[in-house]
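Reviewing the structure listed below.
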């Protein structure tokens, strides 16, 4: 091939294409695949891109007819009470699971799983947790692999307690969104072609309004919205939508986003710099990449031969790593065990957890206990959607939304597991730098149990950035105790401890 001859893939495809085969649909089997697919689609890989990447514009005309009457909500709430999940250890708090309609005419309903605080539920705040993808389940990741009260054993049948669950500090609501994710569904097939950031924020808003009719004691309660990965879009977009519609029963206090997709350009640049700084690629490879590849292009571009060669080398250097935690073991045997593995503990990450969760949530008795899959969906439950056909809009940045929220007094915390290679700490630092914030406290370690829990810096305008030492993309999966400590300090609006005595 002649020097300078064009290649059909954009530069980002060179690292991501091996993670998820390029086809016209958005579905993928895991969070890493789903996010990779989105980036490929945004840059026109595998065909021309029609995705809208302009700044987020919330739906302003959410019609009252979309908001379900509260008349029968008490009965629905009683029906949603989970008596006990199969294989569950005893607990002292209530759990609920069920559906909330977000669009009556389309037959669009979202599945939720709600766990009350383990103590002081009547005074504890409400946390809504969203996972990203786009197209991945908060039940699969947030609830059963990260911050929920249970984890799934290797037998795919039984559960064990997460002593560092976030319902130690809050009432926690997990949402599968948008329709087509997990147990959430639509009776209108064309809905699956209309997904994007804008419609997802609108539906999430309507869900929350209707859910509060079912659980009215949480109206006016301190509300926090949190999430990871592509929820770096979902969370500030929903917060913006809430503020836009001025409903008095929302008492939005803050947002919390982890290893979050914030700004495409800095997310990509930070990923490559992280690879080099962590000895995954050579200095020469990084220099050649920056010299020969256009890392700033927001649409499909032609790649030179030199760019293709160095990109292929980076592929080879990073292909056999778990990019979501570069130091984590890989799942080499996903076969379920007859009995739970001996010595299973919340502090030890199991790379095969995805498989245990998928087996558990596809058990008919589990779905019955959760009040899930009532319509008998024509496909198995999956951690990331296989039915969402298209993602129509995804802004290149959510920085304007974050700054807007700060300007309205909303507390913003951004955290980063420091072993994630997909949206690494370098990406987040570059994105924050682009915001031109003024530091309030200098960069310093924070502590838990006499050890460094991570590093943190506070900025004027109610924004805190914190790393979590030894954590990957799904921070609570790898460092449950440190993540809970961070969450509690976020809720209390107190600085992370700057002394090893803590």
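Glycine is no exception: its Cβ is also placed from the backbone N, Cα and C atoms.
Per Swiss-Prot, the annotated N-linked glycosylation site among residues 103, 492 corresponds to 103. Of all the recorded positions listed here (229, 293, 333), 229 has the Cα closest to the Cα of residue 384 (disulfide bond). Annotated pair residue 229 (active site) and residue 307 (disulfide bond), C-alpha to C-alpha distance, rounded: 27 Å. With the fewest other Cβ atoms inside 10 Å of its Cβ, the least crowded of the disulfide-bonded residues 136, 307, 331, 384 in this structure is 331.
For residue 420 (active site), the count of additional Cβ atoms within 10 Å of its Cβ stands at 29 [all protein chains shown]. Listed in sequence order, 106, 107, 108 are the same-chain residues at least 6 apart in sequence whose CB falls under 8 Å from the CB of residue 187 (N-linked glycosylation site). With a cut-off of 8 Å between CB atoms and residues at least 6 apart in sequence, the same chain places 183, 367, 381 near residue 373 (N-linked glycosylation site), listed in sequence order.
A distance of 27 Å separates the Cα atom of residue 436 (N-linked glycosylation site) from that of residue 293 (disulfide bond). Neighbours of residue 352 (disulfide bond), defined as other CB atoms within 10 A of its CB across all chains, total 18.
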